[in-house]
């Protein structure tokens, strides 16, 4: 196979996004658009990849790292000018060069591979990736002669009435013979209404030189969509989420309502797991087999074991082991580690805490900066008081302990195995194993006192 190269155009400012964030870094299904492109390009196995950067160059480099080389387009003078910036890295090399924009996140590796193969099969100097558009408004039209050979690309504003009816459009992605590409770029000029170097002018230059120009029409028009504003970004997200949901369903995951379920690129879900409506799963989350993720739950960068049930809860940067159940309305904050068969009930918050196998934290409880052993019962309304106003402190609770309802545990404290805290206690000292700790005032009943209270009178 001959050498393959790729140039990703990512220097545009993206003013129509009206955003402080660089356009190609806007996420689609949780991943920056330009990273989607790079992922797909890498699957075509190019020898070298060059990303053209301009505004926000350092942000792009920090995202893509050493996966790409970079060339700076300091002044934006058109797509042709952008490709010129790669000449120092790719000029004079033999092979085929893919030119692709960084704002087309829906393009797939399969389409790009087909484009490469078609280009090489036609022995063309240039091949345009095209698509059939039901409404081609705004796109450049592919004009072919009577036998179907590509003649030129006509932009919308320059198209005649007949040309405007053409439904085959230019997607902005091309394959070029690398040497022909840079030779033709040297012959482009800025004699147009925008005063820019157009990459599309190369097609006419190559045709005039008698070189072969081909066009490969891809099957799915959705892949052609460029993202230039928030409306297009929303559409791209919808399409990408649909693709991802369909992939998971084909892999054995049940979605109760795919249209309201939002799964990021890169999330892993095991077979026979059920995802209910309104669920959002983000980042590098891994979910095991035979789980139930209840309606309106949100899971971010977490690892969920097999046979876990999550009901209407938020889980962030946490681990939930096999057979545990969480919720409804629980919140696992970063560094929560919930053991096998643990029960985390309604309105429980866990942060930077390890809860071992079989422990039950039923309701209305805060567990922060703590290590809980096995088979503990934590009653209603328990607070692990971990913050003294300056520093966080740790609490350790041993196996088989019983923490009575409304206990305040003021860290740092260690509660031993099989120890018990009485309901309503404020624990400020260690509790030895098998001891009962009572830390509350003795009850006093004042006879007849209630009658003296003004709100108790008739």
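Placement of Cβ uses the backbone N, Cα and C atoms for every residue, glycine included.
Note that the structure is a prediction, hence the values are computed from the model and not measured.
Packing around residue 363 (active site, proton acceptor) is summarised by its Cβ count: 18 other Cβ atoms lie within 10 angstroms of its Cβ, all protein chains included. The active site, proton acceptor annotation in Swiss-Prot covers 363 and is backed by sequence analysis.
Taken from Swiss-Prot, the feature UDP-N-acetyl-alpha-D-glucosamine binding site covers 9-12, 23, 73, 78-79, 140, 155, 170, 228, 333, 351, 366, 377, and the record attributes it to sequence analysis. Sequence-distant neighbours of residue 170 (UDP-N-acetyl-alpha-D-glucosamine binding site) (same chain, 6+ residues apart, CB-CB distance under 8 A): 128, 130, 139, 140, 141, 142, 153, 200. Under the three-state DSSP scheme, residue 170 (UDP-N-acetyl-alpha-D-glucosamine binding site) falls in the strand class.
A coil conformation is recorded for residue 228 (Mg(2+) binding site) in the three-state DSSP classification, outside any helix or strand. Swiss-Prot lists 103, 228 with the feature Mg(2+) binding site.
Marked as acetyl-CoA binding site by Swiss-Prot: 386, 387, 405, 423, 440. Every protein chain shown contributes to the tally, and the Cβ of residue 440 (acetyl-CoA binding site) ends up with 12 other Cβ atoms within 10 Å.
Summarising the annotation, Swiss-Prot assigns region 'Pyrophosphorylase' to 1-230.
Outside the region 'Linker' (231-251) by six or more residues, the chain places 17, 26, 28-29, 33, 105-106, 222, 225, 258, 261-265, 267, 269, 271, 275 with a CB less than 8 A from a CB of the stretch. The region 'Linker' annotation in Swiss-Prot covers 231-251 and rests on sequence analysis.
Residues or ranges marked as region 'N-acetyltransferase' by Swiss-Prot: 252-458.
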Top Cα neighbour of residue 9 (UDP-N-acetyl-alpha-D-glucosamine binding site) in the set of binding-site residues 103, 386, 387, 405, 440: 103
Residue with minimal Cβ packing [other Cβ atoms within 10 Å] among the binding-site residues 9, 423: 423
Neighbouring C-beta atoms (10 Å sphere around the C-beta of residue 140 (UDP-N-acetyl-alpha-D-glucosamine binding site)): 25
Cβ-Cβ neighbours of residue 387 (acetyl-CoA binding site) (radius 10 Å): 12
Residues 386, 387, 405, 423, 440 binding acetyl-CoA per the record - widest CA separation, whole Å: 22
Cβ-Cβ neighbours of residue 386 (acetyl-CoA binding site) (radius 10 Å): 22
Entries of 103, 228, 363, 387, 405, 440 which, being recorded positions, have CA atoms within 10 angstroms of residue 23 (UDP-N-acetyl-alpha-D-glucosamine binding site): 103, 228
Separation of alpha carbons, residue 333 (UDP-N-acetyl-alpha-D-glucosamine binding site) and residue 405 (acetyl-CoA binding site) (Å): 22
